[in-house]
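Colleague: Okay, handing you the structure first.
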Amino acid sequence: MDNLIQLYGTLIGWVLLGFALGRYLLPKKTSLYIGKFLFWFGVPLLIVASLRGRDLSGGVLVAPVTAWIAILVGAAFAWIWIDLGVTDERLKSFSSGIKFVDRSGGELAVEDGTAVRASSWSNSTQGSFLLAMMVGNTGYMGYPVILSVVGKEYFAYAVFYDLLGSTLGAYGLGVALAAYYGTSANAQDQKKWWVNIFDRLLRNPALWSLVLGLSISNVKLPEIVEQVIKTISIPIVPLSLVMIGLQLSQLPSIRKWGQAVTCLIIKMLLVPLVVGTGLMFFGVTGAPRLAMVLQMAMPPAFATLVIAQAYNLDKDLAVTSLAFGSVGLLFTLPVWIWLFS
């Protein structure tokens, strides 16, 4: 209970500080600068520091496998929901002559010349729905939560889940879906989206820090080096939460809340419950399972908005999913801790 109260104080306090600074004091580009620092230096250093002296044998490899299972299960639920939604509109159209948009984005003819209404499941909306549901904020939000709830002993599960699961999912399957459902401003880039995937992954310093951290996890370093690594890594967690607050303060107006809520129910409730329960049948229980369930239950990542903007997906849905998910995490965390502790 004390750990949960401390976690809430950390999450709410630092995020609200960032939100207030971003809304009333700091320039908009501040979050960009902080994000670059965390991307290139902060998070890699935190990964190396947290992997020092940890037992990384065998079992930790279940984390990326679980991450991909969660992504695919969530995608399946999302596609089923989208199909049901479109089918429902088509059934209504037979009786009321409602116009809707097909998968290619074109409008179908009005029946009997009656009043028309656009479908809520356009091509770009389907892309944003799938993207927000699949890609969670398992880094900047997930790391602080895992460190507070599960501790450094099992932090490697969070790192493997994030880097080999969420990151690959975002810039692999996520970009592929964005290219399929959306349109890039640069046609040449869209044709070579697979090249961009490898470029993004190879230039991700967190992946290289994972390799470094694994290589030196049990290598004895000079005491002064150990102390420097630990000291410098301390402010990384609060700084990442402040950055999330800064980014939330810059989100535009909230729209399409109905579809966003549906997306978050799948992403933050249904998938963790189904996959987390399934892990029990494969002998994965205790703290490792809790660490992975908490990663599954993270709100959509800010990368979903970046990808949505790059490929002209539904930005309103992406923004609303981010905002609602970040708030919803405060209500879902106790549920997962209670169910899977």
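Counting begins at 1 with the first residue displayed.
Cβ atoms here come from the backbone N, Cα and C positions, even for glycine.
Pasting the relevant annotations from TrEMBL:
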type	residues	note
TRANSMEM	7-26	transmembrane segment
TRANSMEM	32-51	transmembrane segment
TRANSMEM	58-82	transmembrane segment
TRANSMEM	129-147	transmembrane segment
TRANSMEM	159-181	transmembrane segment
TRANSMEM	257-283	transmembrane segment
TRANSMEM	290-311	transmembrane segment
TRANSMEM	317-340	transmembrane segment
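Tell me about the surroundings of these features in the structure.
Modeller: Tertiary neighbourhood of the transmembrane segment (7-26): same-chain residues 144-145, 148-149, 237-238, 241-250, 326, 329-330, 333, selected by CB-CB distance under 8 Å and a gap of 6+ residues from either end.
Sequence-remote contacts of a segment are chain residues at least 6 beyond its ends whose Cβ falls under 8 Å from one of its Cβ atoms, and for the transmembrane segment (129-147) they are 7, 10-11, 38, 43, 46, 50, 67, 71, 74-75, 77-79, 82, 154-155, 157-159, 161-162, 165-167, 169-170, 173-174, 177-178, 181, 206, 237, 240-241, 243-244, 259-260, 263, 266-267, 291, 294-304, 307-308, 313-314, 317-318, 321-322, 325-326, 329, 333.
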Colleague: Counting only residues 6+ away from its ends, which parts of the chain sit with a Cβ under 8 Å from the transmembrane segment (58-82)?
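Modeller: Here the qualifying positions are 121, 126, 129-130, 133-134, 138, 156-158, 160-166, 168-169, 173, 262-263, 266-267, 270-272, 274-275, 278-279, 282, 284, 288, 291-292, 295-296.
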Colleague: What parts of the chain pack near the transmembrane segment (159-181), using Cβ distances under 8 Å and only residues at least 6 beyond its ends?
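Modeller: Contacts of the transmembrane segment (159-181) (Cβ under 8 Å, skipping residues fewer than 6 from its ends): 47, 50-51, 60-61, 63-64, 66-68, 70-71, 123-124, 126-127, 130-131, 134-136, 138-139, 142-143, 190, 193-194, 196-197, 200-201, 204, 206-207, 210, 213, 291-292, 295, 301, 303-304, 307-308, 310-311, 313.
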